[in-house]
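Novice: Pulled from TrEMBL, these are the listed features:
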{"type": "TRANSMEM", "residues": "30-55", "note": "transmembrane segment"}
{"type": "DOMAIN", "residues": "32-314", "note": "domain 'ABC transmembrane type-1'"}
{"type": "TRANSMEM", "residues": "67-92", "note": "transmembrane segment"}
{"type": "TRANSMEM", "residues": "147-167", "note": "transmembrane segment"}
{"type": "TRANSMEM", "residues": "173-191", "note": "transmembrane segment"}
{"type": "TRANSMEM", "residues": "253-276", "note": "transmembrane segment"}
{"type": "TRANSMEM", "residues": "282-299", "note": "transmembrane segment"}
{"type": "DOMAIN", "residues": "349-581", "note": "domain 'ABC transporter'"}
{"type": "REGION", "residues": "559-581", "note": "region 'Disordered'"}
Amino acid sequence: MVQPPPVAPAVSVRKTFRQFWPYTGGVRRFFVVGVLFALVAAVCEVASIALFGFITDEVLSRQSLEAFWVPALAWLGLAVVAGLASFVGAYATAVGGERFLLGLRDNVFAHLQTLTPDFFDNRRLGDLMARLTDDIEAIEELVGSGLVRLFMTVASVVFFAGAAFYIRWDLALVTFVMVPAFLLVSKFFAAKFRSAAARERLSNGTMNSVIEESLANQTLVQAYNRQKAEAERLHDEGGTWLQANVAQARLSALYGPVAQVLQTICLLVILGVGAWEIVEGRLTIGGLLAFAAYVAYLYPAVQNLGQIALTVSEAAAGSDRVVEILRIRPTVTDRDAAAQPETRGRGRVEFADVGFTYPNRSRPTLRNLSFRADPGELIVCTGPSGAGKSTLAKLLLRFYDPDTGHILLDGVDIRDMSRKTLRENITILQQESLLFSGTVRDNIAYGRPEADMDDIVQAAIMADVHDFIGTLPQQYDTPLGQRGRLVSGGQRQRIAFARAILRDSPVLVLDEPMTGLDSPTAARIMEPLKRLMSGRTTILITHDLRLIPETARTIVLGPAQDPEPIRIEPVKPHGTPSHRV
Ligand SMILES: Nc1ncnc2c1ncn2[C@@H]1O[C@H](COP(=O)(O)OP(=O)(O)OP(=O)(O)O)[C@@H](O)[C@H]1O
């Protein structure tokens, strides 16, 4: 079973910011528009509160209706402008945020695709999917819309505090004494919130993994009556997720009332001190009401700062998990990709003294493996299970690099060519024919998307699958279901042959092409197989002696646990039978 995902190391908010800020490159203008319009809305609010004070003193206190209309109209105008500005600001921020999200996901996905297949063999897909979806969204809340919200909130605090100072600086000073109390409370909550958020992110990934594994293997689950066990597995993982979510909800719910009590204390202090100032004749009723209104706006803004701290904590927990992925470097890289023209080679493959040990294993899988396959030649690679036959194919495709020796394609060390060029020249057919859930046409054209329909049909005819495709409900447009499961193993195999024929690369690696096929089906694919191999350098990995033509040269890999160097039959002159039953 695949290891549970490692807990991502905590990355500081500042570092997270530095890491993801460059990704905002194309969308910053949306955030600038968002901030500017939010500022306009805040200024309108400050002005309308001033009008409220004016109306109280000049209209209500003096009971003068004539003085009402002008400030009332101005107030209405401000409300309309503020509404429009906040609409434009919120809309621009949302567009910027979503675009940022899309770009970041593309980038992380592209990075994942630079990692070698062993990375994916060691990870749970569900967890990686959670990182690409929920965790990336959390980053957007930190670096995208979160940043705009932070700007807006800070601007509100400055405006409302400035206006309050303008009305009565001494009263303002008294009330601002309470601000540090808000900040201390929010700091305390944010620290607790972050640890709950980290647990929630981790369990979210694990839950996704359980769902992905169970649903992808429903045939096994149902055939072995494991439905209840799988449901319990999900439920157990859900338990951790539930606890973490409840902890977050508790903290959020508690933060509001605590801040509310602090706010009430402040308002009472304002009213008390304000009443005294009115008695002393230093303040009008309108001034006090406007002051109270500013503070009533100011405290929620300060409270919002605290709420933002909680969101940032949650976002940082998600971003830790994305940063952890981005920091993983591919184990195989191109030396100098630019120097590599994408040319079709002749297909001469050579292994020279190749030795290889898997990173997490102590015993070597391959030792001193040497052989050469000339263009168009068939080499059969056989040997007991676990001897390293599939490993040989992985090395040829550079999913790993050998620890010792060299692998050459047309005389060039494959480490000196770009992986793209190398892989353009090699087509691999694995034990289990891998198909996608697209149509028959999509699957055949997967290696050559630009191929036209005639070429696709021609490849299908050569792979002896055209007639079968004709019987499908939508012929070449028939969807093949998840991993091509809507067709049989032999049919999948022939569709994969068609894909390989269409790709037309000079080197072909066939890894147990007959696995799981009965004798009549195996016999049926012999002809298309021969057509596929014809004219290509073919490395045929097989236990199936029916597949080995008389003329083929054979490499026999020794048992994996053998402490001696592996046995390789001496390469015989071309066309001499070396292994035959
Ligand atoms: N990703 C991996 N990490 C660690 N060890 C691996 C990995 N893949 C394969 N191995 C080990 O390397 C050895 C060779 O595996 P490989 O798949 O090449 O054998 P094979 O000869 O193709 O076997 P079979 O005929 O059963 O397909 C085995 O002992 C296997 O357990």
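Heads up, the Cβ atoms here are built off N, Cα and C, so glycines get one too.
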Novice: Report yes or no: does the transmembrane segment (30-55) come within contact of the transmembrane segment (253-276), defined as 3 or more CB pairs under 8 Å with a sequence separation of 6 or more?
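Specialist: Not in contact, no.
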Novice: By Cβ distance under 8 Å, which residues at least 6 away from the ends of the transmembrane segment (253-276) in the same chain are close to it?
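Specialist: For the transmembrane segment (253-276), the far contacts come to 168, 171, 174-175, 178, 181-182, 185-186, 189, 283, 288, 291-292, 295-296, 299-300, 303, 306-307, 310.
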Novice: What same-chain residues lie close to the transmembrane segment (67-92): Cβ under 8 Å, and 6 or more beyond its ends?
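Specialist: Non-local partners: 30-31, 33-38, 40-41, 44-45, 47-48, 51-52, 54-55, 58-59, 148, 152.
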